[in-house]
Amino acid sequence: MSRLPVILSKRVLAPSSSENLLDMAPLQKRMRKEQEPHKPQAATTIVGYKRPAAAAARAPPYRPIRGAGAATVAAGPSRGFVKPVAASTAPKAGSSKQPAGAKPGVTGATRRKPWDLKGKVNDMEGKIRNYQTKYRSVNEENEALKDYVAQNQTKVSELEQEVEGQKRKIGEYEAQLQMLSGVQNQLEETRREKNVLQKELSNLEQKYKVMETLRDSQETELQTLKMKLSVQESTMTRLQANLRDREEEISSLKETVAEQRDELHAGEMERRRLHNTIQELKGNIRVFCRVRPLEDGGLSKHIQLAASDNKSIMLAKTEESHTGKTAEMQKNYHFSFDRVFGPLASQQEIFDEISLLVQSALDGYNVCCFAYGQTGSGKTYTMEGEEVDDMRGVIPRAVQQIFRAGEKLSSQGWEFTFTASFVEIYNETLRDLLYSGKASKRPEHEIRKTASNDVTVTNLTYQKVSTEDEVLGLIALAKENRSTAQTALNDRSSRSHSVFQLQIEGVNAGRDIKCKSTLCLVDLAGSERMVKSQSQGERFKEMTSINSSLSNLGIVITSLANKESHVPYRNSKLTYLLQNCLGGNSKTLMFVNISPELNSFGETLNSLRFASKVNDCVIGTASSNKK
């Protein structure tokens, strides 16, 4: 039994020239379909000469074999190349005989007799020849299709290259189009600018016409001005002659001004001399007494002030008779000072009395002013006051006067520089009230004397100041840093002595004169008794230190009043720091502040006695620090 494969192939019809043009669009689609592999069909089995009897009995009637010239049409594209196929060889005439008994005109397969093996072989050979012919025809068609596919692939590559070229051209055209769109925008912008320029040109033409009109009028005016100029030239000649006369007068006036400046300087020097003489006549150590008003106003009965005498004060106290003859007796204590201020005296009135003393600081003299008295007697209010203008104390008012007077003297050629410092003495320890660093890194301070016998403090902040507000800011900072505490006598008692110093250096370059001085303003801590202040612990230690330093201050004042050869300034930091103010080249003023309450009679009496000692003290005449 032999197996012959049946080969199916797609047959393509030959395209005409017009059809080739129509097939170019779906070319790639057809190529993909043509390149798909053919699936082989199952081989046809041709049975040999033996056939089962039952199959033979059921064999269909004979069908004529398909002519060799017939071609199989492929299920491919409708249009394609068709190669003519040669007609297949016709079967031999004698190979297929019509069997006997067949109806004429009826075409059908002739069933051969079982014994007709030769006829069957002939039939099979005819079929084989027929298949071979078809096979050759299909191979030829296949070769033709391969050639057609190769041609189409070549055309596809050419078309792809052409498409790429077209794409590049399209890109170039798009770039040119974009550039042309930019050129079009520029053209539009140019057109707009052209319109604007045309409008401007039109405006300029109108302005030009106006300017021509103005030019004509200006030419007319020019002619008029030329005439006036000739008149002015003659006037100028006359004025030049007058100018020369004025210059001569100015020269003479300058000489007069120079002479007047010399006279003014001489007058200023004479003023300073007379001012210093007046201050010396008043005493280089002066004492003012100030009585604090009661909380409800007025004055206590035990303090008496003369209406016509502002320099005396009397304390009156009723005591029991020691002899028993009378039930009570009144004891009076009289004191006299340079000035006594009652409870109604204002801050401005207080400062007016010391303003001349403050002026001496600008004249080159050292000036010191300090407040003394028991705690709660108004020392801090007298020296510092409050922020309200009418309530400001001695320190801010003195600073204001110094800077204003310095500005006035600048017109006479004086230039001043100021340096401020603020130190407190707390428990016999110096503390910088202008220190703004960490408390753990606070430096230690010592009092030293320089080669020029000036007293200075090591590691102390000396701040250069140029305005009144800068000094007031430093005073506010020092006020916050100062040690205060509450006691039975005062809700905000100062627990230290504060010393404000303003160093003044003046230079008059035109006169080659220099002066240097120091304004020292001191607020002493209040003296107190343990029984009344009820101080305990740290407050008791502070009270002991305060009373000790004030006692040493009294000892120094007594030594100066007695003109002793040795004055114990070094017994306390306070007297050592104020050494030049108490016994050196300085003008000194002391405020003694007293409380009006009757239960403070003892402290008031002690304060007035101490002030009397200071008032009786005579120190050397202060001299100006000029070079």
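The backbone N, Cα and C atoms fix where each Cβ goes, glycine too.
TrEMBL labels come from automatic prediction, so no person has curated them.
Residues or ranges marked as region 'Disordered' in TrEMBL: 25-51 (among others).
The annotation region 'Disordered' is assigned in TrEMBL to 85-113 (among others).
The feature coiled coil is assigned by TrEMBL to 121-270.
Look at TrEMBL and you will find 284-617 tagged as domain 'Kinesin motor'.
According to TrEMBL, the ATP binding site annotation covers Gly373, Gln374, Thr375, Gly376, Ser377, Gly378, Lys379, Thr380.
Here the coiled coil (121-270) returns a mean pLDDT of 89 for the predicted model. If you take the C-beta of Ser377 (ATP binding site) and look for same-chain residues 6 or more apart in sequence within under 8 angstroms, you find Arg292, Gly526, Asn593, Ile594, Ser595, Ser600, Ser607. If you take the C-beta of Gly373 (ATP binding site) and look for same-chain residues 6 or more apart in sequence within under 8 angstroms, you find Lys379, Leu524, Gly526, Ser527, Phe591, Val592, Asn593, Ile594, Ser595, Ser607. Lys379 (ATP binding site) has a Cβ environment of 26 other Cβ atoms inside 10 Å.
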